[in-house]
């Protein structure tokens, strides 16, 4: 299994549970496991990370082994894995950021949601992001849960964040933040937002931050959602209620605010006078064609400018068509028509859905492996060496894998550092430091 996020672990778990003789090896490019559970889930949502306990049980199984610090496609090729194993499952997730393809998006002050989330969650590749938080207004392009996560982290009182596993450097940066206002901007309307009611409610109830929703955006929507599915109906009703509420004096006095802007499509990130930094975004105003989830945003010809020195572009991610790795998305698993090669999770479906979606999808993939085994589609007449073969390849290339017990040493160190600071853990964000800690 390539990738140790939820897709990888759920695939391994299902195979081990339903096949008493299977041996599963999990490869991961970082020394540390758990993928987006560690690096994607917001620090103030610790309950979502409880799946780590089940993944740990899987990794400790005597028929499962974890090999971290191994980049498939560089340290060992997929073709080499296919020679060493009877079946290979690619579960390495969404690797790349989708770009907007508009002028100015490379200006200083423009960030991808993935990098921003990686920054406050301690993803080693994003540790040096240093987002500019010196402006009063931040723009987030997107109306999904990740956009709400970022807005919530930007506006949360520090005393709440201090109790989470947010990285120390992010906390220090947020302590100096001048951001008072966050606009979440979407191309389509209130009926097409992708966030869920739980996340919206959490945002509405955020201490010290006031929601600013324009009642005009919701005119006539009560009728439009009468026959909508219940989750969509409840979500829309909550937005309408929030827009119409006469906010209490306490809320009105809140030092910070956030709001949703609809039917605006980014056309250009506008530069400061010296041409180096972002100072805002020019938006095309849109009208909707069609209804429901399939509605398309069509530019009306009118534009408006939103001022902001910090622009985060949404979560829509593209996958890395990494030559040697290959990718199945958006073609559902076209790659995996070859016997013995499978995929699960985001590399198969694209970056959509929550952990439970990935779990079901991974169980399906694991089931395909087991069925192929049963009907003889996988040739098991010859034994395969598995890690034995891969180990000599890695050794010849100077690569030392990190074991699960190595990870448990890193884990213990993080928890101890966190305890000293009164938080659940202090993540180590430097790869070299992780490797030194385990004597690599």
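Cβ coordinates are placed from backbone N, Cα and C, and glycine is handled just like the others.
Curation does not apply to TrEMBL; its annotations are automatic.
Predicted, not measured: the structure shown is a model, and the values here were computed from it.
Feature annotation from TrEMBL assigns FAD binding site to 7, 28, 36, 72, 346, 353, 354, 355.
Taken from TrEMBL, the feature NADP(+) binding site applies to 143, 144, 145, 146, 187, 188, 199, 353. All chains included, 14 other C-beta atoms sit within 10 angstroms of the C-beta of residue 353 (FAD binding site).
Around the Cβ of residue 354 (FAD binding site), the number of neighbouring Cβ atoms within 10 Å comes to 12. Fewest Cβ neighbours within 10 Å among the binding-site residues 28, 199: this applies to 199. When the Cα atoms are compared, residue 346 (FAD binding site) and residue 199 (NADP(+) binding site) turn out to be 22 Å apart. The two recorded residues, residue 144 (NADP(+) binding site) and residue 355 (FAD binding site), have Cα atoms 15 Å apart. Spatially close to residue 7 (FAD binding site) yet at least six residues away along the chain are 35, 91, 93, 344, 345, 346, 347, 358, 361, 362, judged by Cβ distances under 8 angstroms.
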